[in-house]
Amino acid sequence: MKQFLDFLPLVVFFAFYKIYDIYAATAALIVATAIVLIYSWVRFRKVEKMALITFVLVVVFGGLTLFFHNDEFIKWKVTVIYALFAGALLVSQWVMKKPLIQRMLSKELTLPQPVWSKLNLAWAVFFILCGLANIYIAFWLPQNIWVNFKVFGLTALTLIFTLLSGIYIYRHMPQEDKS
């Protein structure tokens, strides 16, 4: 259910873009993200930090897009989110000395410290590369290609990278945890 809720604003954005335009899609994205946030709070009595950060950025960049009638703001939102994620991962590893991935998953998984560090760094690099790809596609290719990349390309890349991370984790799990 939670995964569906995470993707709902993206689906709404895509549908409104195809039916109307980028500005209607942006307004719909703001509303859908707010509804998902409210529903999460009412249903689960919890809102994850990532969801809250994403909501704030959607409202800020979406609001700027609508106010100035300029789609560049909503295009930048994707890169800013990825930069924040990458930054949080890198700060957790290099400043706080405990990778964020480890903080999030250590209750469920037992892995050697170097594996946590490599996994954390890999996700940081992944987010940086996705942010850079977004900049290129958003500002050098037509808007419709960017929307398709945002909805399908980044989603597919994230699913593939998650699968690869799962394989990497499985290879380094203690034998007793694999069963």
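Using the three backbone atoms N, Cα and C, a Cβ is placed for every residue, glycine included.
The topological domain 'Periplasmic' annotation in Swiss-Prot covers 1-21 (among others). Mean pLDDT for the topological domain 'Periplasmic' (1-21) in the predicted structure: 91.
Panel annotation: around the topological domain 'Cytoplasmic' (43-49), residues 37 of the same chain, lying at least six beyond its termini, place a Cβ under 8 Å from a Cβ of the stretch. If you look up Swiss-Prot, you'll see 43-49 (among others) marked as topological domain 'Cytoplasmic', on the strength of similarity to another entry.
Long-range contacts of the topological domain 'Periplasmic' (71-75) within its own chain (CB-CB distance under 8 A, at least 6 residues past either end) are made by residues 22-23, 26, 29, 61-62, 64-65, 134, 138-139, 143, 146. Per Swiss-Prot, the feature topological domain 'Periplasmic' maps to 71-75 (among others); the stated evidence is similarity to another entry.
When the topological domain 'Cytoplasmic' (97-120) is classified with DSSP, helix, strand and coil residues number 14 helix, 0 strand, 10 coil. The topological domain 'Cytoplasmic' feature in Swiss-Prot is assigned to 97-120 (among others).
Here the topological domain 'Periplasmic' (142-148) has long-range neighbours at 13-14, 17, 22, 25, 71, 75, 134, meaning same-chain residues at least 6 beyond its ends whose C-beta is under 8 angstroms from one of its own. Taken from Swiss-Prot, the feature topological domain 'Periplasmic' applies to 142-148 (among others).
What Swiss-Prot records for 170-179 (among others) is topological domain 'Cytoplasmic'.
Residues or ranges marked as transmembrane segment in Swiss-Prot: 22-42 (among others).
Here Swiss-Prot flags 50-70 (among others) as transmembrane segment. Sequence-distant contacts of the transmembrane segment (50-70) (same chain, six or more residues past either end, CB-CB distance under 8 Å): 6, 9, 22-23, 26-27, 29-30, 33-34, 36-37, 40, 76-77, 80-81, 84-85.
Feature annotation from Swiss-Prot assigns transmembrane segment to 76-96 (among others); the stated evidence is sequence analysis. Within its own chain, the transmembrane segment (76-96) is flanked in space by residues 50, 53-54, 57-58, 60-62, 103, 117, 120-121, 123-125, 127-128, 130-132, 134-135, 138, 150, 154, which lie at least six positions past its ends and keep a Cβ under 8 Å from the stretch.
The transmembrane segment annotation in Swiss-Prot covers 121-141 (among others) and is backed by sequence analysis.
Listed by sequence, the residues of this chain that lie at least six past the ends of the transmembrane segment (149-169) yet keep a Cβ under 8 A from its Cβ atoms are 7, 10, 13-14, 78, 109, 111, 115, 118-119, 122-123, 126, 130, 133-134, 137, 141. Residues annotated as transmembrane segment in Swiss-Prot: 149-169 (among others).
Using a Cβ-Cβ cut-off under 8 Å and counting only residues 6 or more beyond its ends in the same chain, the topological domain 'Cytoplasmic' (97-120) has close neighbours at 88-89, 165, 168-169, 172-174, 177.
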